[in-house]
Each structure stands twice: as structure tokens, then as C-alpha cells.
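The structure appears right after this line, and notes come after that.
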Amino acid sequence: MGLMKHEDVITTLSLVHFTKPVSDENVTVIDTDFSNIPVRFYLPKRKSERQRPAVIFIHGGAFVLGSYKMSAYDDLNRLTANKLEAVVVAIDYRLAPKYPFPAALEDCVYVTKFFLQEKVLAKYRVDPSRICIMGDSSGGTLAATVTQLLQNDPNFKGRIKAQALMYPGLQSLDTFLPSHQEYQHGPVLTREMIIKLLCLYVTEDQVLPQAALRNEHMPEESRHLFKFVNWSEFLPEKYKKNHVYTEPVLGKLNASYPVLVDSRLSPLLVNDSQLQSLPLTYIVTCEHDIFRDDGLIYISRLRNVGVQVTHEHVEKGVHGALSFTSAPVFLNLGLKLRDKYINWLEENL
């Protein structure tokens, strides 16, 4: 998969089995919508006098691909609901390029706030003090941003107990972090492929991905933001290796994309005072992953301001492992990651 073009990724994903909402002996599965945003509920069948925890699940796919219907995600959410006796709510947000930024985020924020209403939690017998937001890859980006936005909203501050971010991409400022260089040819994601896909969330204009490939896409007025993503300050020494930090060239792109300096696109851009109120956090990083350093930088910044972080670094891990637990791609590593995540939820939610 390491040398696949982004068009080939789309073709491969078209082969993925999309599940229907089929209930089993342990879990009731229901497809519905919140104001026309599709959601899938996983509801444990075992009777319980206690209120249940809940997980809000946001799928990955570079903002342009994917669905909670993918069989690997269905398996994950079904297992989570059964093992934790938890209510799981999965979101199918609008995808780019048809619906560019901030459509995906707006859908995820809306569903989360709708679900957090007292009457909705009561309907599903959810304990309002035991709610986690989880996402993988770009779903992790969205989960991180939703958590930040809710913590800074007086009506929702403190409503999320935990966030779980699986190999998230967390910034668009610097496309030349050490992991971008080391794994520019894969495996799974190449640097060129992911830049082309992620740029579709911003614009279909081909000028942006070409500039981003040269790391010359940011405007001059973004200079003050690079302190938040400076890998030479935040990466552990073992990941710096022989890399030398150089600030990207600014102001060379004639076109203007204000979204590039928006923390809703790049959650690493929020300041420390906003980070310090974030909840208990679980982050998975994979060694052989172009996004490895995004996660490592976020972990350093969160820990620096006192946020409790559990970090799972997978030395033999590759991007997307959690979604490679069923046809057409199967990795035993994905099953191990799934089990570790669910075990963490059991202990912390």
C-alpha cells in the first residue's frame, strides 16, 4: 500500500464492505439522523439499573473518504458497546470536496451538542459524567477540535470526560516535520497523497497542494503561529535524529486561504491556556506514519500544561491500522490497537 496514489486509495476504499445496521444478540444497531446528519447508534441489550457510559465516534478518511458503515468501524463500535455496556454514537459527516471546511466539523459539533442534551442522554440512559469523543486519523483531528470547542463553550465546558485520538493529523502549517520526511513514500500514506487529499478539504484549487508540497503555502502573517508546531521544541530527542529545523518559506503563495491559520482546521494552533482545560486524553501514535510527529507534539504540549495523557506508541505501527481489521486489508496490529483502546476505556470511562 505504500506506493498507492491517492486515486488508488479511493478505489481500494470502494472495495470496503459497507455494513447495514444489523443487530445481534448483544447490541441493537440503529441508523437514524440528527437534523439530517446520519448517525448510527449501538445500544447494549443487557439490562442494567445503572446509567451507561457513551462514546461519540468520528471516522477517518482525510475529510474526503470513509463512513461509519465500514466493516472495521462497525466491528469496533459494536465491540465497544458490548464490552463496556456503552452507548456508541457514530457520525457520518459531510465529505469534501463537495462540502469543504468547515462542513465536517460543523456536523460533528452539532451531533455532539445534540446528543449531550439532557433529554437525549436520559432517553438512552447515558451517564452525563462518562462521555468520550473518539476519532481515528482525520476523525482524530475532528475529535480533538470538537473537544476544544466544547471546552471553550460555557454551556458545554466539562461535559466531555475523555478524548481518544488515534494517529491524528493536527496541523497544516508545516508539511516537513521529521516524520513527513522519513515516511514521505509511505507505508500506507505518501506525503504527496495526503497533501492532495487534505487540500480538498480547503479548496479544489491545485495551487494549494503544489505550494504545500514545497512547504511554501502559509502566508506571512502566520509567522507567530509556528511556535505552536515547532518540532525542535516539542519532539522527544529520539525523534529529532539528524533533522535540522528550518521555518517554512512564508508569503510565496499568491492565493489566500484564511482557513490555513484557523485552529478549527489545525487544533495544534490553540494557545496553552485553552489546552490546559482539556480532559483526560488517550493518543495513539505509530512509528511508520507520516502523522507520527503531529501526535507527539500534541502530547508534549498537553503534558506541559498539566493535561493527563496516556500515550500508546506502536513501534511497528502504520497509519490506519485500526481500520485494517477486515477485508480488503487485514493487519493483526489493528486488533491489538482495538483491544488496547477498549481496555483504556474500561479503566478510564
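Numbers run from 1 along the shown chain.
The backbone N, Cα and C atoms fix where each Cβ goes, and this holds for glycine too.
Quick caveat, the model's predicted, so the values are computed rather than measured.
Taken from TrEMBL, the feature active site covers S137 (among others). In three-state terms derived from DSSP, S137 (active site) belongs to neither a helical nor a strand segment and is classed as coil. Counting Cβ atoms from all protein chains shown, S137 (active site) has 28 others lying within 10 Å of its own Cβ.
DSSP assigns D289 (active site) to coil, not to a helix or a strand. According to TrEMBL, the feature active site maps to D289 (among others).
TrEMBL lists H319 (among others) with the feature active site. In sequence order, S137, Y167, P187, V188, L189, C286, H288, D289, I290, F291 are the residues near H319 (active site), counting only same-chain partners six or more apart with C-beta under 8 A.
Summed and averaged per residue, pLDDT over the domain 'Alpha/beta hydrolase fold-3' (55-206) gives 97. Annotation comment: TrEMBL describes 55-206 (among others) as domain 'Alpha/beta hydrolase fold-3'.
Residues annotated as domain 'Alpha/beta hydrolase fold-3' in TrEMBL: 262-321 (among others).
Neighbours of D289 (active site), defined as other CB atoms within 10 A of its CB across all chains, total 27.
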